[in-house]
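Student: If you scroll down you'll find the structure; I have some questions about it.
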Amino acid sequence: MAAKEILFDSKAREKLKRGVDKLANAVKVTLGPKGRNVVIEKSFGSPIITKDGVTVAKEIELEDKFENMGAQMVKEVASKTSDIAGDGTTTATILAQAIFTEGVKLVAAGRNPMAIKRGIDKAVASVVAELETLAKPTRDQKEIAQVGTISANSDATIGNIIAEAMNKVGKEGVITVEEAKGMETTLDVVEGMQFDRGYLSPYFITDPERMVCELDEPLILINEKKITAMKDLLPVLEQVAKMSRPLLIVAEDIEGEALATLVVNKLRGTLQVCAVKAPGFGDRRKAMLEDIATLTGGQCVSEDLGIKLENMTLADLGKAKRVIVDKENSTIVDGAGDGDKIKARVKQIRAQIEETTSSYDKEKLQERLAKIVGGVAVINVGAATETEMKEKKARVEDALNATRAAVEEGIVPGGGVALVRCVKSLTGIKAVDDDEQSGIEIVRRAIEEPLRQISGNAGFEGSIVVAKVRDGKDGFGFNAATGEYEDLIKAGVIDPKKVTRIALQNSSSVAGLLLTTEAAIAEKPEPKKDMPPMPGGGMGGMGGMY
């Protein structure tokens with residue numbers, strides 16, 4: 001085991017502070033509409049140019065192990081805020097630095113760090129409660145577009161596309177971000193339930209020009225297992241043929257005799273049919289088939305439920321207004337499922353989303369939820385170069401997350417004003433002693449820091465701006481994009497309350513931990529050994545070679 005180096009008290013905190021400052025100073029230049037860019041070298045390819053705080057934070061590793069510990073703690077603040085709220089990473093980093101910097105000074109002056117932390121926690125709880133009273137729900141598409149625009153570093157195109165996507169697929173709908181082939185940023189919307197499985201045979205195509213199979217008012221047979229023998233499928237096929245209705249079969253697989261018979265009947269015109277594989281794998285496949293059954297009002301043929309394929313009747317088949325199947329995807333539009341059963345299914349999936357700890361499972365559950373509730377929107381991000389594409393895509397993802405947060409918990413005035421308005425809530429807090437009061441004062445000063453930084457990045461004197469905003473009321477604040485003092489909510493400078501809240505809670509949590517650190521332990525760097533000297537002389541016996 002390698003030897004360890006241990007630092008105590010102020011020495012440990014000083015080293016941690018240096019690391020915090022190095023990371024925070026690199027991140028905070030990106031804040032606000034006039035935030036600056038940061039260039040990041042990559043080991044291969046062109047460098048990244050970004051204004052995204054979490055991207056900058058993730059790239060930072062410091063040589064000194066103690067300084068690096070401080071930097072990593074603040075990096076955790078940024079990434080955690082990004083994971084939960086989707087934005088506010090730079091604000092969280094600035095708040096963490098401000099709280100820790102002020103706290104270190106007080107601890108060095110002899111204050112009790114535990115009492116300071118208690119004061120910080122009380123103050124943060126009070127600010128969060130005040131934010132709740134300031135928040136207003138998002139009323140229309142315009143406000144959603146404004147949130148997206150602010151989060152995308154004042155890019156109105158991105159804000160408008162996100163608002164349009166939310167309008168089309170609903171608040172619960174899935175919105176994904178992809179790289180476009182051209183320079184234009186566009187929006188594609190898929191209505192209904194779509195899953196990534198195409199037709200099993202090109203003979204099922206009804207429109208050879210577009211290479212798609214379209215079925216109007218089809219019946220839908222949902223089967224969990226493989227279908228190979230025709231005798232199992234025959235009873236239900238005969239009933240469907242009598243009805244002269246199209247049929248979509250969704251099964252784990254259809255092969256051999258069963259597939260051949262379906263193709264022959266399709267070509268003869270006896271039966272308008274299309275067969276597709278079931279989406280997903282394992283337990284997820286079962287769940288998705290149940291989703292399709294609920295949405296279409298059908299019954300899934302499953303051994304678990306004791307239902308057999310040969311016993312299926314027309315009443316067990318699902319129904320939809322239309323089904324479109326291409327080479328790669330199947331879309332069910334306007335399923336005829338029972339409204340109450342669909343609501344119950346949605347409630348069940350939402351409960352699973354709340355319970356799961358895996359981000360992968362959560363993503364897949366959200367996809368399932370969106371497919372049942374609304375549809376899927378794809379934002380195709382276009383740019384002139386690959387470097388710009390990566391930067392723009394990151395901004396779109398940020399803006400999308402911020403917009404979702406705004407819909408969830410409402411909006412507050414942007415530009416750092418909401419936190420300044422919360423200062424008044426700190427006057428009523430009763431502190432047990434002076435040390436606890438000093439913790440409250442730390443938060444009072446720290447929550448003005450984002451506004452100070454936004455105005456500083458825009459080329460204005462931060463303390464003058466803060467003083468003027470402090471004297472105002474409600475949404476009155478400084479619009480760094482125009483350099484004007486105005487009502488920020490009317491001007492469209494708004495932030496999601498959730499982003500502001502999460503940024504403050506995460507930053508105060510980590511800053512409090514750093515403040516109450518009394519020892520830091522890291523591996524001692526091993527002294528570098530000198531290279532052994534090169535052996536003298538040439539290689540013997542090779543004198544005659546050239």
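Along the chain as shown, the residues are counted starting at 1.
Every residue, even glycine, has its Cβ placed from backbone N, Cα and C.
Found this in Swiss-Prot, in case it helps:
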type     : residues                                     : note
BINDING  : 30-33, Lys51, 87-91, Gly415, 479-481, Asp495 : ATP binding site
COMPBIAS : 536-546                                      : compositional bias 'Gly residues'
REGION   : 525-546                                      : region 'Disordered'
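I'd like these features described in context: how deep, what's nearby, how far apart.
Tutor: In the three-state DSSP scheme, Ala480 (ATP binding site) is classed as coil. With a cut-off of 8 Å between CB atoms and residues at least 6 apart in sequence, the same chain places Gly32, Pro33, Lys34, Gly415, Ile454, Ser455, Asn457, Ala458, Phe460 near Ala480 (ATP binding site), listed in sequence order.
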Student: Taking the Cβ of Thr90 (ATP binding site) as reference, which residues of that chain separated by at least 6 in sequence fall under 8 Å from it?
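Tutor: The list for Thr90 (ATP binding site) reads Val27, Lys28, Thr30, Leu31, Gly35, Gly53, Ala78, given in order along the sequence.
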Student: Output, ordered by sequence, the same-chain residues six or more apart from Lys51 (ATP binding site) with a CB under 8 Å from its CB, or 'none'.
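Tutor: Spatial neighbours, sequence-distant, of Lys51 (ATP binding site): Thr30, Gly35, Arg36, Asn37, Val38, Asn153, Glu391, Arg395.
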